[in-house]
Structures are given as structure tokens and as C-alpha cells.
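What TrEMBL annotates here:
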type	residues	note
TRANSMEM	20-41	transmembrane segment
DOMAIN	23-152	domain 'Lactate/malate dehydrogenase N-terminal'
BINDING	Gly28, Ala29, Ala30, Gly31, Gly32, Ile33, Gly34, Asp54, Met235	NAD(+) binding site
BINDING	Arg101, Arg107, Asn126, Arg160	substrate binding site
DOMAIN	154-318	domain 'Lactate/malate dehydrogenase C-terminal'
ACT_SITE	His184	active site, proton acceptor
Amino acid sequence: MEEKKTVMGRENCRGKGGKAGFKVAILGAAGGIGQSLSLLMKMNPLVSLLHLYDVVNAPGVTADVSHMDTGAVVKGFLGAKQLEDALKGMDLVIIPAGVPRKPGMTREMTSLKSMLGLLRHYVKGNPVNSTVAIAAEVFKKAGTYDPKKLLGVTTLDVARANTFVAEVLGLDPREVDVLVVGGHAGVTILPLLSQVKPPSSFTPSEIEYLTNRIQNGGTEVVEAKAGAGSATLSMAYAAAKFADACLRGLRGDANVIECSFVASHVVTELPFFATKVRLGRIGAEEEYQLGPLNEYERVGLEKAKEELAGSIQKGVDFIRK
């Protein structure tokens, strides 16, 4: 008697979904940042459903990440035709999509065009100095702009600042808190070393060294990789850390504070600025002032604002032209 073979597809498995939690989409999941970020978000206990989208290799990343025996249910989406489905019903959308920087290239040069296509799809339902402004303009055109829900991730600048300052002070980076304001490129990255926690003093040469290294941390990685990539692992860590803070805010946790590049009308006259914000159920619910600055920081702030104004306008012009 011939033995019958039973073949059961995944669609027939008993488990149809995961535990209660948030639904998160990553646009650009197959990229250098996206792959590591996908892994980290899969491990986040606040995430119940993870949508991984890309124009290339999304099925491969989805299969790889979904085999982990922890965390969210994972679904993959490939190409422009599936982008709308990837975004449907999501609580949080993270966009790490872009092109790896090479020596001599700016973040804006590598990110503007890749962001635009994704954002045009998303408005049916975060970034560097120009791309947040681009996103805002795209949402405005669609009539769906909510300034509290558009958040540019500058967490990597804070992580670097904590690490570099801790090296100078001889401390564990987890014991150090450096406020980094302004933007996310070059001189727009302004560490407020006078407000470091625990309270610390630095010599003029230490201030110059730390400020320059924090501002050029991305270039340091690009040059170390000799054109083979940019800061992918550390950026994925920073994005996952910021995403976790957003999810805790959405959950209603009290006093979730992170730095973010947001629409700002409180700190400076610029339309966007990176500062500490309190995250909650509606996004960035409160901006925090910069606090007292020393002379070095006041000069740095003016340089940052001048550069930021041009970058923001570049983003606006990119859409309006």
C-alpha cells in the first residue's frame, strides 16, 4: 500500500498572527542599514508585525529575518506595486533607504532621489537635513502633513558623542549623556559639551577635538571602509533605538525623551531643527529649549543655522521646482 505524503504550506499553519503590539514597516529593508535594522526591529518586543519592503532582494531578507525564533511576524514586499500594501495599517514607518556614501559624497547627494519615490507612495496613508524638508513638502501637497509625526533620526550623533566623550573622560558611554542639536551633517551637528552629564569640564583643545570628531563621525567611517560603504551598523543601531523610543511613546510611556530633527517653531527661527523632544501618542509632543550656551557653542550655533537654512531650502526647492 502506497504511503500518502502530506505537504502543508505556510498558509495552512494554525498560527495566523502574533501577539498584540505595534505594526512597523521598514522601507529599504535590503540595504546596508535596512538589513541590520530589520534584525533589530524583529527582536523588539513592542513589535508584533514587521513589514520589510525594498525594490531588490526583499524576499531574501524577509526569509532570513523571519527564521529567528523571537519577536514579530515578518512579511516581505517587493517593488513599487507592493509598496502600498507594505504601508497599510502601519503604526510606525522607518525609511533607511538610500545609496551608500563614498568618499567625497554628501548625505544629500545619496539620499534625495531614493527618498522621493518612497514618500510619494507613503502620503496615501525620517532622514537628514534636506530629506525631512522634502518629506514635509510631499505630505503638504497630499494634504496629509502632520509636523508632529515627521521625525528625522539624529540619534547616531548622540551615540557617537556619548562614545567619544566617554573615551576622553574614561567613563562607560552608558553613563554619559551629551545633547547634540542642530542637524545631521557637518557643522550642523552641534554637541553642547557644556551640558554633558555627568557634569564635566574640558580644555579648549578637548572641546575642539570632540566637536570635530562628533561632526565628522560619518566621514571617519566612510574613509575607514575605503569606499566600500558608510555607517550601516551604527546607523541601524541608532534607528532601532529611536524607533523603540517612538513605540514607547505611542504606548503612552511617560517622559520618553530623544533628540530628533523636527518641525520647530520654539528653539530657533528655522522651520526644522534637531533638539530634545518628548515623544508620545501623537508623535513629538514637546520641544525642549537648548539651555545656557557658552561662547564656543553660540558661535557654533550660528554656523549650524546658516548651513541648515541652505540644506532645508534645498529640500524645499527639490520638490517645488
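Backbone N, Cα and C define each Cβ position, glycine as well.
Features per TrEMBL, on structure.
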residue: Ala30; record: NAD(+) binding site; Cβ contacts under 8 Å, 6 or more apart: Leu52, Asp54, Val56, Asn57, Ala58, Gly60, Val61
residue: Arg160; record: substrate binding site; Cβ contacts under 8 Å, 6 or more apart: Arg213, Ile214, Gly217, Ser234
residue: Met235; record: NAD(+) binding site; Cβ contacts under 8 Å, 6 or more apart: Ile33, Pro96, Leu156
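Least packed by the Cβ count within 10 Å, out of the binding-site residues Gly28, Gly32, Gly34, is Gly32.
Using a Cβ-Cβ cut-off under 8 Å and counting only residues 6 or more beyond its ends in the same chain, the transmembrane segment (20-41) has close neighbours at 47-54, 56-58, 60-62, 65, 68, 72, 74, 76, 83, 86-87, 89-98, 100, 114, 118, 122, 229-230, 232-233, 235-237, 239-240, 243, 247, 250-251. The two recorded residues Gly28 (NAD(+) binding site) and the residue listed as 'active site, proton acceptor' have their Cα atoms spaced 20 Å from each other.
Each residue contributes its Cα atom, and for Gly32 (NAD(+) binding site) and the residue listed as 'active site, proton acceptor' these two points are 19 Å apart.
Within 10 Å of the Cβ of His184 (active site, proton acceptor) there are 26 other Cβ atoms, across all protein chains. Geometry remark: His184 (active site, proton acceptor) versus Gly34 (NAD(+) binding site), CA distance 19 Å.
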